[in-house]
Amino acid sequence: MLNFVLFGPPGAGKGTQSQKLIDQYQLIHISTGDLFRAHIKNQSPLGQKVSELIADGQLVPDAITIAMLEEEVDKNPEAKGFIFDGFPRTVPQAIALDEFLESKGSSIAGVIALDVDQEELTKRIAQRQLESGRADDQADKLQKRIDEYFSKTIHVLPYYEAQGKLSKVNGIGNIDTIFTELRAVVDQY
Ligand code: ADP
């Protein structure tokens, strides 16, 4: 299996670039944000448990997130590989993912971090809020998500850097140009 983590702050373009990666490489895309939103929409027990936290811009507790992610991976035993989008967001999640993949004789091949500065992120999400109406895209909730990113999620980068797996890609500019850079990274594997 060839597994990648697509990493970046809220609004970095992970979803957009994931879609292009799936089309190109036939990998299975797992976005924990999308999974949570589907649970909330379906009003599942999990959705009911996490909806307030998410609307407020907070991270969902690791145990819940990890269990959901592992279940989703297990639904795809034939996969050539996965693109993990929005996961791991904490170091304990990264450790759990490594252990989980190792138990399947697999691993993370590479981690691609989309680099976008805060000013650009704020602009993009303000625009997305107009289109998506996501409750957690409102200015105060967005600030909470950016705070969560810089207090918890950012530490995932040195974790993968120490394993020699981290590549940074400039996430500002033309979508196809960014994708070309991403492909150059993926094609090394
Ligand atoms: P963004 O657009 O900010 O990157 P996502 O769509 O990936 O956001 O996730 C939306 C929300 O879902 C997050 O703010 C968080 O509350 C929850 N969430 C998603 N992935 C995780 C995770 N790996 N760990 C904890 N919470 C998560």
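From the backbone N, Cα and C atoms, a Cβ is placed for every residue, glycine too.
On a predicted model such as this, the values are computed, not experimentally measured, just so you know.
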Record-annotated AMP site (TrEMBL): member among ARG124, ARG145 besides THR32, ARG37, GLN58, LEU59, VAL60, GLY86, PHE87, PRO88, ARG89, GLN93, ARG134: ARG145
Contacting binding-site residues, sequence order - ALA12, GLY13, THR16, ARG128, ARG134, GLY173 vs ligand 1, Cβ under 6 Å: none
Spatial neighbours of the region 'NMP' (31-60) far in sequence, C-beta under 8 Å, 6+ residues away: 14-15, 18, 68-69, 72, 85-87, 89-90, 135-136, 140-145, 148, 152
Least surrounded among the binding-site residues, given as LYS14, ARG128, when other CB atoms within 10 Å are counted: ARG128
Where the record names THR32, ARG37, GLN58, LEU59, VAL60, GLY86, PHE87, PRO88, ARG89, GLN93, ARG134, ARG145 as binding AMP, the maximum Cα to Cα distance in Å: 25
